[in-house]
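Residues or ranges marked as N-acetylserine in Swiss-Prot (evidence: similarity to another entry): 2. Look at Swiss-Prot and you will find 2 tagged as phosphoserine, backed by similarity to another entry. What Swiss-Prot lists as phosphohistidine is 266, and the listing cites similarity to another entry. Feature annotation from Swiss-Prot assigns repeat 'WD 1' to 46-94. The repeat 'WD 3' annotation in Swiss-Prot covers 141-181, and the record cites similarity to another entry as its basis. Taken from Swiss-Prot, the feature repeat 'WD 4' covers 182-223. If you look up Swiss-Prot, you'll see 224-267 marked as repeat 'WD 5', on the strength of similarity to another entry.
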């Protein structure tokens with residue numbers, strides 16, 4: 001037996017020991033604990049607005065912190081800022097690269113960011129003196145596509161990439177201040193903790209990792225999915241997070257228990273998940289699927305509580321407003337829909 005095989009065997013044994021140790025600590029399951037809680041009942045949401053304006057597949061969307069404005073990115077090479085109350089377009093920003101995969105709204109509302117197959121995170125200033133929107137920074141440093149980005153504040157942004165890394169950037173200098181390495185596959189998604197000191201990432205190595213923003217180190221690694229993790233989202237209290245994967249399941253992982261608490265799946269759901277988001281209370285988990293639907297799960301009981309059906313193609317992105325009053329879904333059918 002070669003040294004490599006021996007090491008592989010040892011690693012496998014260690015993994016099993018860790019799994020057994022975790023099992024020994026888990027004295028109850030979430031299902032048992034939540035058994036006597038009333039089910040949420042049937043969730044029926046209606047489409048309140050349809051945002052029309054993109055001419056091709058929508059790949060990403062992100063709400064502003066005011067719960068009114070949102071940004072969307074499409075294959076048509078446009079970044080559009082929408083007023084969800086009136087359905088008006090506040091800005092339509094032409095992009096240098098139409099191969100965009102992600103977009104983000106800064107908490108201040110002053111900036112938006114986007115990126116994709118150009119490997120660059122482009123920052124746009126919405127509040128210039130002249131009133132026009134222009135590129136204020138292009139953050140180049142990743143050697144693979146940009147899959148996700150999220151602002152910490154007006155001068156810091158975290159990005160994830162197909163080069164298997166995540167990075168923290170100083171926008172003013174345009175430099176990576178921290179690189180987060182450890183995944184062995186393309187990093188597909190990231191989510192900031194409510195206090196922005198930590199973030200989680202999901203990758204094509206089927207694992208999720210918890211990172212310390214300031215120290216640049218991986219705190220925890222979570223396994224369980226059988227295929228690529230496409231989407232990840234923190235639980236509102238910051239103690240857990242949900243993932244969505246090509247294995248047709250969503251899962252809930254707890255930071256303190258250091259393991260998976262729940263799987264959200266159904267025999268007749270056989271397609272991958274593209275996006276996940278929690279309701280404001282955390283009781284509902286919304287997930288967008290390749291089969292054109294968005295399923296609403298009871299996060300505590302893993303029952304399907306509702307379906308948002310209204311798109312004619314894959315639901316590629318979704319988001320719940322900060323005030324918890326509305327959900328937006330974006331699709332390859334080129335439309336965004338606002339539900340509540």
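Glycine is treated like the rest: Cβ placed from N, Cα and C.
Tertiary neighbourhood of the repeat 'WD 4' (182-223): same-chain residues 144-145, 147-148, 150, 152, 158-166, 168, 229-234, 236-238, 241, 243, 245, 247, 253, 255, 258-260, selected by CB-CB distance under 8 Å and a gap of 6+ residues from either end.
For the residue listed as 'phosphohistidine' paired with residue 2 (N-acetylserine), the C-alpha to C-alpha distance reads 43 Å.
In this structure, residue 266 (phosphohistidine) belongs to neither helix nor strand by DSSP; it is coil. Per DSSP, the secondary structure of the repeat 'WD 3' (141-181) breaks down as 0 helix, 25 strand, 16 coil. Each residue in the repeat 'WD 4' (182-223) has a pLDDT score, and their mean in this model is 98. Shown for the repeat 'WD 4' (182-223): DSSP residue counts in helix, strand and coil, namely 0 helix, 22 strand, 20 coil. Note: the repeat 'WD 1' (46-94) comprises 0 helix, 29 strand, 20 coil (DSSP; helix = H, G, I, strand = E, B).
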